[in-house]
């Protein structure tokens, strides 16, 4: 059986993003900056501290990178940070990625600080889907978690995103015991009449948040059981869902997604690769230090070498992370490679 053509060509097995465990990777998470203007207590409680002097990937380097991934079968790109909207050329980056043959969906994750005034422009540039980090629906708790007293402004941005016409608007909320766990009913009531997918994400341990993790980690399993006991039904997973478990209710316009990295077989459905803002390929959020791609990003003439390096790197991808053993790999914090 022949494989689906890409740009009129046929992909052979050696040119596909498939690892040794038959997982297929059609989703690229691309960080364009590790700078963030929030001080979230689970990620950058002391604010952004630059740890390198490297320049972030240029728009041309990004274009060359995504072109290579697209020719290897990638169909979706999520632009991440840090806070990606801090880059002045963010709309141009969206447009550049959206026009690459083979890329079917362009998404981003943002803290929403300037979303209310930019949502329409990003949509017009070619952005299809947007995730907004809203870690509490209580303004005071939001301020406590993020270090920013702009809850209403962020929520205005969420509304602006819906009005702009995005195919999908998602809300990300990191679950934290003793901080925002009391907000769960507020969240669920809120999406009753909102066409939004609410995503509860388990707090994950990184190199620098061990004490915070031990104090505030909360398993998503109890939320899952609560949902099932209250009329919610788990959707059959689609390939683009990745490890997320999605739930729907006939009386609710919105959906709920659970991302539980400590659950059994979480990595079995992994469908994504990550590239950092300085051009390092990361096979896992909690994996190794990464494979440098930048020396091959300066010119499109190196595209075949770039594709080969990416494919070869996949051979070393492990079957799973080792978070349950307290090993967070080389990830200092979630902003470092885009979460």
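Glycine residues also receive a Cβ, built from the backbone N, Cα and C atoms like all the rest.
Now, the feature entries from Swiss-Prot:
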- 20-241: domain 'Radical SAM core' (DOMAIN)
- 29, 78, 109, 170, 272, 273, 274: GTP binding site (BINDING)
- 36, 40, 43: [4Fe-4S] cluster 1 binding site (BINDING)
- 42, 82, 133, 204: S-adenosyl-L-methionine binding site (BINDING)
- 267, 270, 284: [4Fe-4S] cluster 2 binding site (BINDING)
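Features recorded in Swiss-Prot, as mapped to the structure shown.
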residue: 29; record: GTP binding site; DSSP class: strand
residue: 40; record: [4Fe-4S] cluster 1 binding site; DSSP class: coil
residue: 78; record: GTP binding site; DSSP class: strand
residue: 109; record: GTP binding site; DSSP class: strand
residue: 204; record: S-adenosyl-L-methionine binding site; DSSP class: coil
residue: 270; record: [4Fe-4S] cluster 2 binding site; DSSP class: coil
residue: 284; record: [4Fe-4S] cluster 2 binding site; DSSP class: coil
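It is 16 Å from the Cα atom of residue 29 (GTP binding site) to that of residue 133 (S-adenosyl-L-methionine binding site). Proximity to residue 170 (GTP binding site), judged by a C-alpha distance within 10 Å, picks out 133 from the binding-site residues 40, 133, 267, 284. Of all Cβ atoms in the protein chains displayed, 21 besides its own lie within 10 Å of the Cβ of residue 109 (GTP binding site). Counting every protein chain shown, the Cβ of residue 284 ([4Fe-4S] cluster 2 binding site) has 21 other Cβ atoms within 10 Å.
Take 42, 82, 133, 204, the residues named in the record as contacts for S-adenosyl-L-methionine: the widest Cα to Cα gap among them comes to 17 Å. Separating the Cα atoms of residue 272 (GTP binding site) and residue 42 (S-adenosyl-L-methionine binding site) is a whole-number distance of 23 Å. Distance from the CA of residue 284 ([4Fe-4S] cluster 2 binding site) to the CA of residue 109 (GTP binding site) is 18 Å. Among the binding-site residues 42, 82, 133, 204, 274, 284, the ones whose Cα is located within 10 Å of the Cα of residue 36 ([4Fe-4S] cluster 1 binding site) are 82. Neighbour counts were taken as the number of other C-beta atoms within 10 angstroms of each residue's C-beta; across the binding-site residues 43, 267, the minimum falls on 267.
Across the structure, residue 133 (S-adenosyl-L-methionine binding site) and residue 40 ([4Fe-4S] cluster 1 binding site) are spaced 11 Å apart at their Cα atoms. Counting every protein chain shown, the number of other Cβ atoms lying within 10 Å of the Cβ of residue 42 (S-adenosyl-L-methionine binding site) is 23.
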